[in-house]
Ligand code: 6R9
């Protein structure tokens, strides 16, 4: 049995920014007097001119979220220039390449300043102006972060696309924000595999003709086609520009970036984050949640293509003048000791990773951990999905040798930063619980009918008031923003997650309550996978649900009806897998495909996913009410042939 509660370790509390009584005091202030609380927190940044109002937010239609109104600042200035006087020679980024034999790169704040200024000047020469959108599709190399910061420096809005997305997904994301500029590399590596990034961009651009310029970093030395007049080599352009570039004075509410994320319906939404509130929030959460101190070496294993990479590899750590490690590789290459070897090699003290990575390593056996020292570690973090108590205990006992608190951080692309998490010196941990709300965060549990659950109980998780890092809108679709997050439970932000609160007021996230599945910590809308499947001419209809998966958390289970005349076979199954990989990317690869001559539908023709979910979860005795089905026999057929027995 696992211990219930892992109390705060006194040796951690002693040196922590926040201890138990400080947490209580600050939390209370943050709720009672948010304006004063957040005004004080904003002073962690340097502003060209102060805001004239801290907060103007409304969760009922018309929904409007604004923080630090009228304030002026620049994110790149705050992440770089501000540190030059005292920390110019401090390392901002350590880059650990995929191949452990290849050379490490260390980039000081002074060097980062030059690199970002040069890239900002290249962007200007390419014609990028304040407010323009720039698509970034890069391997995990330092240039990816230079690109983000260079955009921020000149007031361009970046849209980073994860390297695992296929040309069609890239094309959709380029078209949605009509981005005219792309920054990419010839290719990248992941666990010795080569990913042809430039080739994917070329294919994507054919489908969306708005792209005018593509800047290409020569990295893997693969052969790529360069289109004259459109494509530019970074190493050539960088020779032509100055290493000084004045940062643009941005309004607190000017957009900083958009990031596409899957929803339960339709195409991915462009989640928009702005400048002032976002930076205050990621800087503050990075400091307090990880109990970050000046001499820490901090490593977040996420990819910059996801929000975790944005907030906790780049913006939060740099705003705090930290040394942030960028890792190009994968946890198991060349061996399952890689993470722990990198920790020893660079003396990492704060390590932030995901349950799926931990589970895949746990399975390999403790010897791969125990043959490393890990003495430098002080705080461990987890994000992306609920962490099962077994993986938690392994992380704590084996990886952390029982010394390090674990911060299980719950948040979302939409929230910009961490909202529910232990603070190492203040909140005791329970394995599997994200524990307590961060400052200013007011979680509530509601019944499906919208009634508030008091005390211990289960419900959907909503938030009662805004925090500075909250998304501001779905780009170009404010009504989708309002409908998705503010219409089911008026007056609240709806998270899409289910949650339990225990007797101690601890929060336990139970998973999505919408048609979004969380595969290895990546959110994928079932609707997207379904439309990828029906893009294959052999498919008449498809329904996709999640099912429990040992390593990935959730796996993708597809029920597929073929068109009349098409015969099911393993070949067709393989072909459908390829279709999905081509339409969306490898992250959406179905794990199981079951042939479904017919799908269970209501009399009005709606697919009954609730029933399919139970079949996929191998709980055929819990199908619930099937009386509204138009053809009740369909279900037994599917149960008998399920793939997951
Ligand atoms: C940061 C990030 C958000 C969804 C979220 C929830 C799940 C994330 C979690 C967690 C339980 C945690 N999630 N962290 N569930 N415990 N510590 O992952 O953003 O990709 O937008 O996913 O991930 O379901 O709603 P994003």
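Note that Cβ sites are derived from N, Cα and C of the backbone, with glycine treated the same way.
Note: TrEMBL annotation is automatic and uncurated.
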Quiz prompt | Residue in 363, 480, 512 which TrEMBL records at the ATP site where 384, 385, 386, 408, 409, 410, 411, 412, 413, 497, 523 also bind | solution = 512
Exercise. On the DSSP side of things, how many residues of the domain 'AMP-binding enzyme C-terminal' (528-606) fall into helix, strand and coil, could you say?
Key: 24 helix, 27 strand, 28 coil
Exercise. With the Cβ under 6 Å from ligand 1 as the test, give me the qualifying entries from the binding-site residues 190, 308, 384, 520, 534, 539.
Key: 308, 384
Self-check item: Residue among binding-site residues 308, 409, 413 with least C-beta crowding, 10 angstrom cut-off
Solution: 413
Quiz prompt | Pairwise Cα distance for residue 413 (ATP binding site)/residue 308 (CoA binding site) [Å, integer] | solution = 8
Practice problem: Please work out the mean pLDDT for the residues of the domain 'AMP-binding enzyme C-terminal' (528-606). | Solution: 93
Quiz item: If you draw a 10 Å sphere on the Cβ of residue 411 (ATP binding site), how many other Cβ atoms land inside?
Solution: 25
Quiz item: Near residue 191 (CoA binding site), which residues of its chain come within a Cβ-Cβ distance under 8 Å, counting only those 6 or more away in sequence?
Solution: 98, 329, 330, 332, 333
